[in-house]
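As structure tokens, the structure follows; a few thoughts come after it.
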Amino acid sequence: MAITETSRSSHELPVTTFGSTTSTAKKLTLVPLIFLIYFEVAGGPFGEEPAVQAAGPLLAILGFLIFPFIWSVPEALITAELSTAFPGNGGFVIWAHRAFGAFVGSMMGSLKFLSGVINVASFPVLCVTYLDKLFPVLESGWPRNVCIFASTVVLSFLNYTGLAIVGYAAVVLGLVSLSPFLVMSAMAIPKIKPHRWGSLGSKKKDWNLYFNTLFWNLNFWDNVSTLAGEVDNPQKTFPLALLIAVIFTCVAYLIPLFAVTGAVSVDQSRWETGFHAEAAEMIAGKWLKIWIEVGAVLSSIGLFEAQLSSSAYQLEGMAELGFLPKFFGLRSKWFNTPWVGILLSALMSLGLSYMDFTDIVASANFIYTLGMFLEFASFVWLRKKLPELKRPYRVPLNIPGLVVMCLVPSAFLVLIIVFATKIVYLVSGLMTVGAVGWYFLINYLREKKIFEFNEDADLLDNGNGERKKVEDHHDSR
């Protein structure tokens, strides 16, 4: 593997390819990283509506107020500490590997990748769901399927053109897609009746839909860890970007939720995905409905790009660690992007995009939940196993405090599992068995030398274009 380092600015990194050398590529800076994290997690209040349908306005508001402290903040803190300690593109795969060895590292990689591509599959569906409110022909049949296929292909190509382009595109998409919600919320103020916020709804609670909606809208904070090797000065940039992104994301959910639940009184069953657009028409008129629907399409583009990037760079990181054959880490000669990872992620998400949207979300949540149990365990165990490991950002708790911090969101993960449907158990069970089988298949391929693997799995990228053993990456605390 040839590594070439040329004269470069602080915002560039040497691009590593297997068997060849290419020019430098720009690193992600603070603002693009904030918006990439935002799109990894949310992308706007699109998709929060089913929480009201499931449990009424009060519980929906409480959910988006409380859940960030139960789930989002702990996950962001873990991501900040471990991404700065291990700033390589393997992200959570590196963490599990260093904590528990190759099998757990492989399982973590497989589970997280599967949940990622399932999640990616949901965004073209969400995009077309908003478009069909403008163009009813897209509601079903071959026009809808063609639209999903075409949007997946075009957006995958945009991802292929480079992460820096995707990062700055995320900034523009984020600001433009949020602007109609700010207008709607401002125009809703005179119509708000605060007593509506206290409603528990008029129908039986659908806890499966409620918890999955909260979880889907506020998880995946750790996905950005797979891009750590592409970030400028990750030790300082990551913690700040995560802090701003957590605040930004929660506010972006809550303001429209307060505005619409307070200003609009409709049957609870109408609060399905896409209702914000209908509410905008009730509050201000057809023009705002169209603006929000356009914003939803732009948001879906940002969500797709951010999460496809994470999945693709995760595969590259796993190839560097020796969990996948070397060709999974191949980069494009033109754009220096991991084209094999992008292609495989896009193809898998395309195949999954024809599932029912609710089943897509629930399956992504279930598999992600299994990966998060491994992540929490890896986080705590690394504190015990490598106490002197250099941690530029360190969660200010001792090991018992970390255990408590992880137990609280773990209890929520149990709820996700308990309330899953039969189809979700089936899909998730098959994928989990497949992940175990994949580990043994890869070992077989390595032993028979059918593909070339990187055997230096103990060497991790330190984020500066150099390679260094993790055991030597210490400081004297």
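Using the three backbone atoms N, Cα and C, a Cβ is placed for every residue, glycine included.
Pulled from TrEMBL, these are the features on record:
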TRANSMEM  28-47  transmembrane segment
TRANSMEM  54-73  transmembrane segment
TRANSMEM  143-160  transmembrane segment
TRANSMEM  166-189  transmembrane segment
TRANSMEM  240-260  transmembrane segment
TRANSMEM  334-354  transmembrane segment
TRANSMEM  360-383  transmembrane segment
TRANSMEM  395-417  transmembrane segment
TRANSMEM  423-442  transmembrane segment
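Here the transmembrane segment (143-160) has Cβ contacts under 8 Å with residues 124-125, 127-128, 131-132, 137, 166, 169, 301, 304-305, 308-309, 312, 332, 335, 337, 339, 342-343, 346, 349-350, 353-354 of the same chain, all six or more residues outside its ends. Two recorded stretches are said to be in contact when at least 3 C-beta pairs lie under 8 angstroms, sequence spacing 6 or more; the transmembrane segment (240-260) and the transmembrane segment (423-442) fall short of this definition. Taking pairs at least six residues apart, the transmembrane segment (166-189) and the transmembrane segment (395-417) share fewer than three Cβ pairs below 8 Å and do not count as touching. Counting C-beta pairs under 8 angstroms (sequence separation of 6 or more), the transmembrane segment (360-383) reaches the transmembrane segment (423-442) with 3 or more such pairs. Here the transmembrane segment (28-47) has long-range neighbours at 11, 72, 126, 130, 163-164, 166-168, 170-171, 173-174, 177-178, 181, 213, 216-221, 223-224, 227, 230-232, 237-238, 240-242, 244-245, 248-249, 252-253, 256-257, 273-274, 276, 295-296, 299-300, 302-303, 305-307, 309-310, meaning same-chain residues at least 6 beyond its ends whose C-beta is under 8 angstroms from one of its own.
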